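So the structure is just underneath, and the comments pick up after that.
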Amino acid sequence: MKIVTYNVNGLRPRIAQFGSLLKLLNSLDADIICVQETKLRRQELTADLVMAEGYESFFSCTRTSEKGRTGYSGVATFCRVKSAFSSDEVALPVAAEEGFTGLLEIGKGEMAAAAEGLEEFSKDELLKVDGEGRCIITDHGHFVLFNLYGPRAVCDDTERIEFKLKFFKILQKRWESLLFQGRRIFVVGDLNIAPTSLDRCDAEPEFENNQFRRWFRSMLVENKGSFFDVFRAKHPNRREAYTCWPQNTGAEEFNYGSRIDHILCAGSCLHQEQDLQSHNFVTCHVKECDILTQYKRWKPGNSLRWKGGQSIKLEGSDHAPVYTSLLEIPSVFQHSTPSLSARYIPMVRGLQQTLVSVLMKRQTAEQVNSDGDIIKESCSERERSSSDHCSTPGVPSGNSCSSSSQNFEVLSSKTNEHSNRFSMEDACNTLVTLGGQRTKRMCGSEPKKKAKRSSQLSLRSFFQKSSIPSNGVGNGTDTSTNQIDVPDSNHLSNETPIPENQGGSPKQCELNSSASIEDQDEVDVCTLEKEKNNFALMEWQRLQQVMQNSIPLCKGHREPCVARVVRKRGANFGRRFYVCARAEGPASNPEANCNYFKWAASKPRQK
């Protein structure tokens, strides 16, 4: 049996990297796969993200509404099984629980009481530590598996330090309660704790005095605790065995990282002999435990950061998976997948519909179809009526077409509301009189013009002055009417020919002249736009050159630095600084980052 823990740093990008969830899981080739930092909210758990053929999955998502932590953290356990029902496989859990306090859902919407051993904590305390989606517990009969994503807390963030202390204190109480009941426990995941200086590159002298590292070591067997650090049990003296690397400094190139992804084990072995003093689960059942370094983002042969590799996007998580292989694990009693399984999530399984809701949907659809038929008939009648009015001699064409256009706009609004069958090409063609000259126009052109004017402007349009003059046709004619109703020469060539007795009138010559001026203005605008683009490109190149000349050289390698910005809230938030461009690495390596640092000249604006 094989168990893998992997901080995926976002389940979506890992699925995209491998092509599908099934391919991702199969690549790890394990019976139980525990992933952390899924970064999924409950409403985002769709089938393509949680379901894979041959696997049962169990998810915990963040429930907090705290700013910056929605869609954050999250854990999931995938179990490879032959059958999810009436199975005796150990990989298929006999029970599952979201969180570790006992107060969250255990399946089918049921609420449980606080877990045994946690009576000293208030309900609010328990719900707070369980509200960030950091734990899934699966009971596999022979052992209980905790899939954990431990909180991160920097040294000056007192609020998160208190949260992390409370998180592990309550967790320890739950472990002690299970061990008292004689259960075996596996704890896997990213605990965000490197226990010793051996687990951190270039650890400072006071590294091991951190309170969380002291707590971690107090839980281990060598310090009279109950747990084995399975990796160190198999590789007690291995150096440079890291599972996580800073992703913004290129630290993977020189393996400058830390070991914060762990597999811990506590409890007796499964043997039935009388003398079990020399037996434990690790020595009797754990064959191997190691780091899957082939999943690192940076691989030998990749271009170095300071030799053109900084712009190359590295696919993968900033963590590497850790696995353990177990021996002599017998089958368990027949059971089916727990109700907490992702197969029962409404977004995956689908919401059950009542008979009334189905009938209501059918009635609504029939009503929409009926309204669409009525509107279509009304539009046909309006087309015939409008055509008759516009072509009838002695009737003022301007009034009839204006009324037709207004009716058409109302009708078009109804049509869009009930059905998408009709298009603007179905609008009737009418004739409009402008200064005594009859010109053909589409009744549906007014809605088109309005839609065009309401479209989003491009950034370039704000720097471009309008150079197209509006040419009035006749005295007393409104400018906006000219822009809408006067067609250009190309438009007229495709419409109904103008009668010969009016083709050579002074008004017609004036229209043709206006169209020619508009064509010339369009050419001028294109030329002006091209000149502005060239000018903007030259200015950008000049700015880049100025910025390049202002970048300092690092003192260790005499190479151009890279600029960064302070993202942490405080006095220097938003301030720029320069650092060595090389990848972070051990101080003993001259090829690594020389730790050069310099503030940029400008300071952030005070708000």
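Keep in mind that glycine also has a Cβ here, set from the backbone N, Cα and C atoms.
What TrEMBL lists as active site is Tyr149. If you look up TrEMBL, you'll see Asp190 marked as active site, proton donor/acceptor. Per TrEMBL, active site, proton acceptor is recorded for His319. For Asn7, Glu37, Asp190, Asn192, Asp318, His319, the entry in TrEMBL reads Mg(2+) binding site. Taken from TrEMBL, the feature compositional bias 'Polar residues' covers 454-496, 502-516. The domain 'GRF-type' feature in TrEMBL is assigned to 554-603. As annotated by TrEMBL, region 'Disordered' applies to 379-406, 438-516. According to TrEMBL, the site 'Transition state stabilizer' annotation covers Asn192. As annotated by TrEMBL, site 'Important for catalytic activity' applies to Asp261. Positions annotated as site 'Interaction with DNA substrate' by TrEMBL: His319.
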If you count other Cβ atoms within 10 Å of each one's Cβ, which of the recorded positions Glu37, Asp190, Asp261, Asp318 has the most? Asp190
Does anything in the same chain, at least 6 positions from the residue listed as 'active site', have a Cβ under 8 Å from its Cβ, and if so what? Asn7, Gln36, Glu37, Ser73, Gly74, Val75, Gly133, Arg134, Cys135, Gly189, Asp190
Asp261 (site 'Important for catalytic activity') as reference: those recorded positions from Asn192, Asp318, His319 with C-alpha within 10 Å of it: Asn192, His319
Near Asn192 (Mg(2+) binding site), which residues of its own chain have a C-beta under 8 A away, given they sit six or more steps off in sequence? Gly150, Pro151, Arg152, Ile260
Taking the domain 'GRF-type' (554-603) alone, what is its mean pLDDT? 83
Once near-sequence residues are set aside, which residues in the chain of the residue listed as 'active site, proton acceptor', 6 or more away, have Cβ atoms under 8 Å from its Cβ? Tyr6, Asn7, Val8, Asn9, Asp190, Thr243, Cys244, Asp261
The number of other Cβ atoms within 10 Å of the Cβ of Asn7 (Mg(2+) binding site), counted over all protein chains shown, is 25
Can you give me the residues near the recorded Mg(2+) site, meaning same chain, not Asn7, Glu37, Asp190, Asn192, Asp318, His319 themselves, Cβ no more than 8 Å from the center of the site's Cβ atoms? Asn9, Gln36, Tyr149, Cys244, Ile260, Asp261, Ser317
